[in-house]
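Engineer: Swiss-Prot lists these features:
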type   : residues : note
LIPID  : N71      : GPI-anchor amidated asparagine
REGION : 41-60    : region 'Disordered'
REPEAT : 24-37    : repeat 'PIR1/2/3'
SIGNAL : 1-20     : signal peptide
SITE   : Q33      : site 'Covalent attachment to cell wall glycan'
Amino acid sequence: MQFSTVASVAFVALANFVAAESAAAISQITDGQIQATTTATTEATTTAAPSSTVETVSPSSTETISQQTENGAAKAAVGMGAGALAAAAMLL
């Protein structure tokens, strides 16, 4: 009974860690907005564009976009798992 408790707690901690590592990446703009990455696939359409005159606008923004590659979720999940294992070890 005690081994199964420790094994299940370890499995839950490992599952949380794997889920946190396999999450899709997002980026956060400096003003607090969060946007998804542009890895989504879209289907191509075969309709012709309407004929019109379009002026090219060059980007003149000096804003920088900082990307957050990881957060504390993985560390929290591992810490929670370690705490749960310590609590289970105390019950032995």
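The backbone N, Cα and C atoms fix where each Cβ goes, and this holds for glycine too.
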Engineer: Long-range neighbours only, meaning 6 or more apart in sequence with Cβ under 8 Å: which ones does Q33 (site 'Covalent attachment to cell wall glycan') have?
Structural biologist: none
Engineer: Taking DSSP as the reference, which of helix, strand or coil describes Q33 (site 'Covalent attachment to cell wall glycan')?
Structural biologist: coil
Engineer: Count the other Cβ atoms sitting within 10 Å of the Cβ of N71 (GPI-anchor amidated asparagine), across every protein chain shown.
Structural biologist: 11
Engineer: Grab the pLDDT values for the repeat 'PIR1/2/3' (24-37) and give me their mean, rounded.
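Structural biologist: Averaged over the repeat 'PIR1/2/3' (24-37), the predicted model reaches a pLDDT of 66.
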